């Protein structure tokens, strides 16, 4: 249930800005303006009766502020009809001149608003996106099309790779034709210039190679930094969400031949392998022990020897993989290749949880005779809330001395009260280590010197005392080396900090300075930042949740916090992502919505070379949108207890204000999460609105991300309380709308969303929500993992009342709903089936029977085994249709019908 995280390369970055108040836009079709200016333009164009052609170069322009049904909707405000009388020519000229003046002023004001600490009520602001304009003539999307890739945007993964001699703008391409090479490195600019002297470097000519008669087919590849050898993974098998095992090989580029990573154990499965920055060695973990293979020898060096069932070296256990690092590695090379840092994880005291498989046998072993009828059981070391955690400590390996050592840090947390959440190598043998206490509300930043083998805490932050919140694990801290020629006298680092109630960027220098230079501030919050750094020019760039939390835009700022510049076109309400080449001369810009996604590689403004190449336009989706009828999306805010909460309302095609529509609320709602996003997405909710004809509403309530820490942290210690009240209040707002049938309102969610669906209908007691659907729900936070749960709830020993309140336990209230549905995979290693089974037991004990249940044998949290994923959504859709058709009312208080019984009896020749 870990929130989605993303990291960024530690390589040097450059900005994407060209000068004051500029953004990079290939079409040059829009000038920089605030959203308020765009709103005015939309209104003026509507008065004039004009329309916008939102082609690829004008994505999302102009049509976000009014709806296609002629309603300029400010909640229940009057609307301006699209067929109004045209404005006279003189009025147009005056309005145009006034608009020009306003745009000029707003251009300067926008950045000041965005990062100037301005806070305003957004309750009545409404934005609409309608990407399909076929009306009633279009084709309806089907449920199969939602999941078979019909509506999935094509997306190219650009893998930037550093050049062995400092070259910038190099791409690693896999899967090219045999004539061009299966794996190759190519200069992004020269590949479009046939006269260029920069030729591609072919690393692997073919898509496979042979080693001693064994054909090796790569599933993942990692070129060495000098591009002379490729580390290859084959025979990959999934472990948990992020981890996998396989056979590893070393492929020599010059000879085009391969060899096992460990020639003495070529068939043994390896958990993790990574290159030395010097390209002369590979460190790897096998059977939870670490080894080093130097390319100068066929022998491997044992770094550790006592790894096994309870001791992990270099790889995380289940809970650290899921909740802290969101990855399969806890191994870090120093930049000079002299040292390796790694975590040792001791699970000796962690209780086991058995996951049973009734149909499949994931371990691949054939049971002994007589054992075929018994399920396979996989025991996981899984620390539930309040249970013993794994003990994790940081260790180091001196490559030259072949020695493992650790460094004590005075004043650090006790072993049982420590979570290590990030490790970043600095220069001259120094390491930055971020750790928290068990409940994740006190942060320590330590600096370790591996040369002197000393360490000290350089920064402490009590987040609980600051705002009652917590520390979210992240791996985005960026080391900034000293560079006196460019004004940096000391080493430092950039981190995300809490400033004036928001997540902002800060620069700490020297490296042991506890007081930062705050780089960003104001209304918006940075997202997984920093995204990159231009060391030469002293610039940081980052992604920000823009003027509206559902947007993503890219900005840059100087190391001293001055010259905040937009990179993307902030006058358009858009959702962007970006990655940069290792020298930051080029950027891979990804537009994700609200219109059809596209991808481009562009040169950055600091680059002397001007370059732009469209990588993907998704023309197939543009064509499909001309054929199909999709829902319209209304983005707006509602005010609940003084908080402006983002809402997405999906309306069916040909929406009619005079009709009464059923409403389905869809949510996730986990702490720091976000579901209301302006991304192109045709999903199950689209199917419900566009095919079934229901309204779908999503509310990012209190506790979710990018609406300020005050709204986020209020939920701590009492998960589900404020979040469910927000959903109930929102449902009451929608129930009062003239186009909503208040007797047909339902809610559904998966995982944390499943918990929220149950908690909401429990709190509501059938007064507003009549139906609910929960997939893989947590029903008692005592059953979920410790690191995630205690971050938001403290321990059960410290907060027993909070855990009692958060549990789904009021069966009397649940009995007042018409009906609800629970679905769960029996092999869920994340949210255990224990949650649903104990919940159903409570219902049985209290004689509650207004529910349905569906278990999926051997499916994990994603519910895919044996066609299960399709069945989940088919069942969900059918159940929902039956609910809104009133079928479940017939089961609410069933009574015999004599006429039906008589007809049935005649079919079998009986008499009654």
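The backbone N, Cα and C atoms fix where each Cβ goes, glycine too.
Residues or ranges marked as active site, charge relay system in Swiss-Prot: 751 (among others).
If you draw a 10 Å sphere around the CB of residue 828 (active site, charge relay system), it holds 21 other CB atoms from the protein chains shown. According to Swiss-Prot, the feature active site, charge relay system maps to 828 (among others).
Annotation note: residue 861 (active site, charge relay system) sits in a coil segment as assigned by DSSP. The Cβ neighbour count for residue 861 (active site, charge relay system), using a 10 Å radius over every protein chain in view, is 20. According to Swiss-Prot, the active site, charge relay system annotation covers 861 (among others).
Annotation source Swiss-Prot lists compositional bias 'Basic and acidic residues' at 7-25 (among others).
Swiss-Prot lists 54-67 (among others) with the feature compositional bias 'Basic and acidic residues'.
Summarising the annotation, Swiss-Prot assigns N-linked glycosylation site to 130 (among others).
When other Cβ atoms within 10 Å of the Cβ of residue 210 (N-linked glycosylation site) are tallied across all protein chains shown, the result is 11. Annotation comment: Swiss-Prot describes 210 (among others) as N-linked glycosylation site.
Here Swiss-Prot flags 346 (among others) as N-linked glycosylation site. DSSP assigns residue 346 (N-linked glycosylation site) to a strand segment in the three-state reduction. Long-range Cβ neighbours of residue 346 (N-linked glycosylation site) (same chain, at least 6 residues apart, Cβ-Cβ under 8 Å): 310, 311, 390, 391, 392.
With a 10 A radius on its CB, residue 569 (N-linked glycosylation site) counts 23 other CB atoms from all the protein chains. Residues annotated as N-linked glycosylation site in Swiss-Prot: 569 (among others).
Look at residue 656 (N-linked glycosylation site): DSSP puts it in coil. Residues or ranges marked as N-linked glycosylation site in Swiss-Prot (evidence: sequence analysis): 656 (among others).
Under DSSP, residue 810 (N-linked glycosylation site) is assigned to coil, being neither helix nor strand in the three-state scheme. If you look up Swiss-Prot, you'll see 810 (among others) marked as N-linked glycosylation site.
Sequence-distant contacts (6 or more apart, same chain, Cβ under 8 Å) of residue 897 (N-linked glycosylation site) do not exist in this structure. The N-linked glycosylation site annotation in Swiss-Prot covers 897 (among others), and the record cites sequence analysis as its basis.
Under the heading region 'Disordered', Swiss-Prot lists 1-30 (among others).
Summarising the annotation, Swiss-Prot assigns region 'Disordered' to 48-68 (among others).
According to Swiss-Prot, the topological domain 'Cytoplasmic' annotation covers 1-92.
Look at Swiss-Prot and you will find 114-912 tagged as topological domain 'Vacuolar'. Taken together, the residues of the topological domain 'Vacuolar' (114-912) have an average pLDDT of 93.
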Those recorded positions from 210, 569, 751, 810, 828, 861 that fall inside 10 A of residue 656 (N-linked glycosylation site) by CA distance are none
Mind telling me which of the recorded positions 751, 810 has the densest Cβ neighbourhood, counting other Cβ atoms within 10 Å? 751
What whole-number Å value do you get for the CA-CA distance of residue 210 (N-linked glycosylation site) and residue 861 (active site, charge relay system)? 37
Let me know how many other Cβ atoms fall within 10 Å of the Cβ of residue 656 (N-linked glycosylation site). 11
If you measure residue 569 (N-linked glycosylation site) to residue 751 (active site, charge relay system) at Cα, how many Å is it? 35
Could you state the CA-to-CA distance between residue 861 (active site, charge relay system) and residue 828 (active site, charge relay system) to the nearest Å? 5
